[in-house]
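Worksheet: one structure, shown below.
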Amino acid sequence: MMRSHYCGQLNESLEGQEVTLCGWVHRRRDHGGVIFLDIRDREGLAQVVFDPDRAETFAAADRVRSEYVVKITGKVRLRPAGAGNANMASGMIEVLGYELEVLNEAETPPFPLNEYSDVGEETRLRYRFIDLRRPEMAEKLRLRSRMTTSIRRYLDENGFLDVETPILTRATPEGARDYLVPSRTHAGSFFALPQSPQLFKQLLMVAGFDRYYQIAKCFRDEDLRADRQPEFTQIDIETSFLDEKDIMGLTEGMIRNLFKEVLGLEFGEFPHMTFEEAMRRYGSDKPDLRNPLELVDVADQLKEVEFKVFSGPANDPKCRIAALRVPGGASMPRKQIDDYTKFVGIYGAKGLAYIKVNERAKGVEGLQSPIVKNIPEANLNVILDRVGAVDGDIVFFGADKAKIVSEALGALRIKLGHDLNLLTCEWAPMWVVDFPMFEENDDGSFTALHHPFTAPKCSPEELEANPATALSRAYDMVLNGTELGGGSIRIHRKEMQQAVFRLLGISEAEQEEKFGFLLDALKYGAPPHGGLAFGLDRLVMLMTGAQSIREVIAFPKTQSAACVMTQAPGLVDAKALRELHIRLREQPKAE
């Protein structure tokens, strides 16, 4: 081995020992005839000192520059009093270097690593192999590795088998667009890259592998946001002969163990909340419980008012009127309220009514709002009491279709929590349960809220009679307002699966064409089973405090689903296209 230690492993216990380090020159300093090199590797930094007494080595140190790859041998010693650096793991020691070998020189990098500033993300991604040298980036990938090690260990100890499922499979309707791979040997046919291992892991349950896991690559050709990538990594879990409580207990234990091992944090039991309660109180099926703000229904107090903006929705069973109290918000300037009004407009809200509570003891005179004249004082007092309003607060109102009100005020709640620094703790894990089985579309058709293999809490006959009110056996784990993972008990009887397909408008012919292998499997003794999948990238993002999952993936794609480093996707030559039986209708334009 070329090295004896990593730079970040050096400490006072090695005083007097000879060590050999290999790494990159992070910084070079010449102080009064003594040369200092900060050497960097994946584990951290170490300071190496070269003095003129060893002329040949000193001359070599004088020639090196930033990012040269070097091998250095020297003796560990304590730094002089007052010269320690508490910000470095090796900050109390230094290495007196007496051998230096330049393993490779380096051109000046496209951006400085030791004084990292506002470098554009495209430049960072184009030179990702340079960007990943930065200690903060290396630390994120090290933590990611520790996380997957912890997860594997936990699942192994709990009897799970790591089984790989195919990457080349067939297209199935799972919500997003598939990435397609043309077949050379089957002209005109295409493989699809998996959006998840969902069907294969269910088939593994039918095959008798009752505890499966896989850290799986998944692919979705969808519009990208800060927490999306076209290829992403999933912690995929499936079990047989366990119910919801068992699966949630196992996977909650995995996450609690993960945070304890990796971050030293201990969580108590995760609270459970129904989908209905989450939407009613927080306007979201993934509420951030660090935020103390809550939505409160007030439609019952506004049914008789002459103000149609309120009385209309108050008397419509498909609508909702909710209030959101913001402590201390009465001092909010009009411009800020206008900005929040524009913000809720993104979610379809037509406006944002408000009441500033200046002095409740003065009755209506102590309230500042364009709407108070339209609401009887008795009703106003009930509303203000219900939301807990006190002097100095502001109360916002949403009145519209229930979905619009929940989404708009739910998003406003999150924004206010961050804008006004209202978060009460650092971590708030929870479970959301009892999701609706389906989402009803405007045309009366149904879409599966999770996926079409989720089991309902009723019989096939009850499901087909009342699909709009059916609840599923689904559960989501949420952390700080982010869905960490979602899962469910699956359908394990053929007649139930066919009933769900019928409600989703999937004909028998289409069922057979796209899911025939699954329906076949369900005929041959499929056990009760269920599972859950966590987004690993998202989990790493939360645990490292990164702003985007691109920060925690070694070689991510841009928001336009491209790799600027390798210039992927790229053109292929005509011969390759002919072999794949593909002809382009339009020739791509040169960029």
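Quick reminder: no glycine exception, Cβ is built from N, Cα and C everywhere.
The feature site 'Important for tRNA non-discrimination' is assigned by Swiss-Prot to His31 (among others), with sequence analysis given as support. Secondary structure at His31 (site 'Important for tRNA non-discrimination'), taken from DSSP and collapsed to helix, strand or coil, is strand. Non-local neighbourhood of His31 (site 'Important for tRNA non-discrimination'): empty, since no residue in the same chain at least six residues away has a C-beta under 8 Å from its C-beta.
Annotation comment: Swiss-Prot describes Gly82 (among others) as site 'Important for tRNA non-discrimination'. Sequence-distant contacts of Gly82 (site 'Important for tRNA non-discrimination'), defined as residues of its own chain at least six apart whose C-beta falls under 8 angstroms from its C-beta, are absent.
Taken from Swiss-Prot, the feature L-aspartate binding site applies to Glu174, Arg220, His450, Arg490. Under the three-state DSSP scheme, Arg490 (L-aspartate binding site) falls in the strand class.
Residues or ranges marked as region 'Aspartate' by Swiss-Prot: 198-201. Note on the region 'Aspartate' (198-201): DSSP counts are 4 helix, 0 strand, 0 coil.
Under the heading ATP binding site, Swiss-Prot lists Arg220, Asp221, Glu222, Gln229, Glu483, Gly535, Leu536, Asp537, Arg538. Within the same chain, residues at least six positions away from Glu483 (ATP binding site) with a Cβ under 8 Å of its Cβ are Lys286, Asp476, Met477, Gly535, Arg538. DSSP classifies Glu483 (ATP binding site) as strand under the three-state reduction.
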Residues that sit under 8 angstroms from Glu222 (ATP binding site) by C-beta distance, when 6+ apart in the chain: Ala176, Arg177, Arg228, Pro230
Arg490 (L-aspartate binding site): tally of other CB atoms within 10 A of its CB: 24
His450 (L-aspartate binding site), number of other Cβ atoms within 10 Å: 19
Between Arg220 (L-aspartate binding site) and Leu536 (ATP binding site), the C-alpha gap once rounded to whole angstrom: 15
Largest inter-residue Cα distance among Arg220, Asp221, Glu222, Gln229, Glu483, Gly535, Leu536, Asp537, Arg538 [record-listed ATP binders, Å]: 20
Residues that sit under 8 angstroms from Leu536 (ATP binding site) by C-beta distance, when 6+ apart in the chain: Arg144, Met147, Thr148, Ile215, Phe232, Thr233, Gln234, Ile235
